[in-house]
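Asks: Sharing a structure with you now.
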Ligand code: KG4
Ligand code: ZN
């Protein structure tokens, strides 16, 4: 039996979850809307809001799971990668909490956790499988051999897929984070209305910075003739941009699946909430006889449930860390 409390604070969501014997019984997420005004996450503001939110979020999670803190068996936390100031709040709290309650500490890599979110609910993937992890800071194709035996076989050389969404949204005067808004407008537009080139990158790697630039130049050119081009064509622009990003992402996944002879394919991270990506992956599953794993929406963007499930699998192996542990903004995969 094990009851694990997990803390996620790597970016702009303060989240706490409880995992009771492998089952998630609470997953509280406090979003930080303050960053909308700035067009991106302001690290110092994020740290301060984590500091304000952490105690109420912990308390709510304990209430939701109907658990007394004396019943906890371990404290798991995101060690990195992420914003250092944000991580410091979660890591310091986790250490103090564990010290006060005399509990073991479990360190979790945020990028592993996005993938391990697939082990929260059924159907769970079996090893080995390939996972496309697409978030605001990362774009990776990962060969997952076991819970903590993972290898990055392809990744972005510049911007992440989430950044491509967010930066395009900024060009289109949409607030941060723009990914979900592009998704919303894309549903009403024609994905083939405008065409943006596919980057020619070798192997299983990606590049998204060129796409962003070509969108920017395209919009500027159109605006010379029609200053209302964005307003009049927003749905079509969003649908076309989303179509390009999804096409680029899945083309390399197809290549990886062929190269590794693997037909079990998962997606993870914030961008895996994108409806175009989810639909196209489902279509490819039919076409290529893949078994695909698409996370529930609540487990796509940052959440502590994924940290809790990763923590549970480390708890089973008694993989604990000492009180001298510190956060890492960049963390080895
Ligand atoms: O995993 P996540 O919550 O945080 C990081 O670890 O980065 O991912 C956030 C990213 C943002 O770039 C956001 O715009 C994007 O995920 N995102 C989406 C959607 N929902 C979130 N992008 C496209 N379509 C969505 N529906
Ligand atoms: Zn994330």
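Count begins at 1; order follows the chain as displayed.
Each residue, glycine too, has its Cβ placed from N, Cα and C.
Feature list, courtesy of TrEMBL:
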DOMAIN    23-308  domain 'Gcp-like'
BINDING   110, 114, 302  Fe cation binding site
BINDING   133, 134, 135, 136, 137, 166, 179, 183, 274  substrate binding site
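I'd like these features described in context: how deep, what's nearby, how far apart.
Replies: According to DSSP, residue 110 (Fe cation binding site) is assigned to a helical segment.
In this view, residue 135 (substrate binding site) is surrounded by 24 other Cβ atoms within 10 Å of its Cβ, with every protein chain counted.
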Asks: Residue 179 (substrate binding site) to residue 302 (Fe cation binding site): how many Å between their Cα atoms?
Replies: 14
Asks: For the Fe cation site given as 110, 114, 302, which other residues of the same chain have their Cβ within 8 Å of the site's Cβ centre?
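Replies: For the Fe cation site the neighbour list reads 8, 10, 78, 111, 113, 135, 269, 303, 306, 307.
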Asks: So which of 133, 274, 302, listed as binding-site residues, have a Cβ under 6 Å from an atom of ligand 2?
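Replies: Once distances to ligand 2 are taken from each Cβ, 302 fall under 6 Å.
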Asks: What's the most sparsely packed of the binding-site residues 110, 114, counting other C-beta atoms within 10 A?
Replies: 110
Asks: Could you find out if DSSP has residue 179 (substrate binding site) as helix, strand or coil?
Replies: helix
